[in-house]
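Asker: Below is one structure. I have some questions about it.
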Amino acid sequence: MSNTTAASETTPTDTTSASASHAQALLAENQPERRQYSGQVSDMGSGESGAGLYRKLSELNIFDTLSNRYHSDDFNAARSEYIRTRVNILSIVFAIFAPLWIPMDYILLESEDLNVIALYRLVLFAGMVILLLINNARKRNLQHSLFCLTILIALPAVFYTASLFQLLNSNTPLIGYSFIPFLLVAILSVFPLTIMEATALGGGLIATLMYNDYYSATLFTLDGFKDLWLISTLLIIALWANQAQLHMLLRLYRQATRDPLTGLLNRRVMTERLKELTQRWNSSSKKPPVCVLMLDLDRFKRINDTYGHLTGDKVLQAFSQIMKEELRSSDILTRYGGEEFAAVLPGTNLDNAVKAAERIRLRCEQSWVTSKENEPVHFTTSVGVGQLKDSEEINELLHRVDNSLYEAKKSGRNKVIQSC
Ligand SMILES: Nc1nc2c(ncn2[C@@H]2O[C@H](COP(=O)(O)OP(=O)(O)OP(=O)(O)O)[C@@H](O)[C@H]2O)c(=O)[nH]1
């Protein structure tokens, strides 16, 4: 055990690993911009910063709903469950309604088309049943759910194209067929999709409609234009509905997982993430290092008692800002309890974790917030650091690191102690 030397560099610890990229996704919703300074720490609790256009777009949640690039693995898993259940319901609806129309075809279609179309409908029915099975084979996997959603949209689109080709030369009116692309675009609106996902699926449907209009020689007619107009309008409304759903999901998710004062993850989420991480770590042959920091503000009660709780809150926000700035965006940062914080550093060895802890300690020492009376309020932190050992349970690691933190407090505070 040792109190480490102060690290002069201000760059975050940077060792690579597979788990680091996983953790990056876990926390991506909370990425701050890195700023380097020491001195007065502004009271930014949300973890959002930036300027100009980027900031405006962030405020409009454009980046949140544009693609899933900034979504955590956990949020993606939650969203995939929404998509999976809706794909289940819709594939059952299609499986029921596809063969149900066969009697209507017998009334409306000419005899030479009947058997072929009935066969297409049975194939669509079988496709939907198979999709139902595939859709439930993997849970909490966004790629898989999006794949199944694409199949859900593609199967009726292929059925529509094949039927249209079959019925191209017949004189019967296409009752029960021509609305299919419009129905599919409308169906998109029940899913919480990003703009890119919905545009890709909607674009595919518009292309299908145009392809069929072209082959039935209606693309450049008034009817063709009317179809395009209608499907584009429906797609815009579907995109709007997608955005509303995705935005609401993100908000609910953030409320359930974040500490409102600092914007960091809450303790429950951190424990879950850490459990997942260690399970994966213990079962894999590659074992990149994983370290944990436990950080506690020193004599925080005194700050509250002297300057009031609002100033205490400012210190908590400033401290979390320092953590965000001194650690990598792939690290898992948590407000663990009142004035206690924790950080999981995947892909970082003990030496580098100690350096990172030392950077935070030093930044705190050099920083201050201002009280209501405009007095500078300084603060310091004590830190315990430990690295996950082979076959070690997560609780054992946390217990070890907590003991180091306790030792740092006992031996005078404003210290980093590593657990061996
Ligand atoms: N302002 C503010 N204070 C909080 C919050 N959560 C916990 N606290 C306060 O944090 C203080 C923690 O005090 P202690 O546990 O005695 O620890 P300490 O004064 O930091 O002493 P050491 O940890 O031993 O250095 C208590 O006064 C709590 O009321 C919060 O969200 N805002």
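Cβ atoms are placed via backbone N, Cα and C, with glycine included.
Here the structure is a predicted model, which means the values were calculated and not measured.
Pulled the feature table from TrEMBL, pasting it below:
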- 288-420: domain 'GGDEF' (DOMAIN)
- 1-22: region 'Disordered' (REGION)
- 87-104: transmembrane segment (TRANSMEM)
- 116-134: transmembrane segment (TRANSMEM)
- 146-168: transmembrane segment (TRANSMEM)
- 174-193: transmembrane segment (TRANSMEM)
- 200-222: transmembrane segment (TRANSMEM)
- 228-250: transmembrane segment (TRANSMEM)
Asker: Tally of helix, strand and coil residues over the domain 'GGDEF' (288-420) according to DSSP?
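Answerer: Computed counts for the domain 'GGDEF' (288-420) are 59 helix, 35 strand, 39 coil.
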Asker: Ranking 116-134, 146-168, 174-193, 228-250 by Cβ pairs under 8 Å to the transmembrane segment (200-222), which is first?
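Answerer: Out of the listed stretches, 146-168 contacts the transmembrane segment (200-222) most.
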Asker: If we skip the immediate neighbours and take only residues 6+ beyond the ends of the transmembrane segment (87-104), which ones have a Cβ under 8 Å from one of its Cβ atoms?
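Answerer: Cβ under 8 Å, 6 or more out: 118, 121-122, 124-125, 128-129, 131-132, 135-136, 145, 148-149, 152, 155-156, 159, 175-176, 187, 190.
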Asker: Report the mean pLDDT of the predicted model across the domain 'GGDEF' (288-420), rounded to a whole number.
Answerer: 95
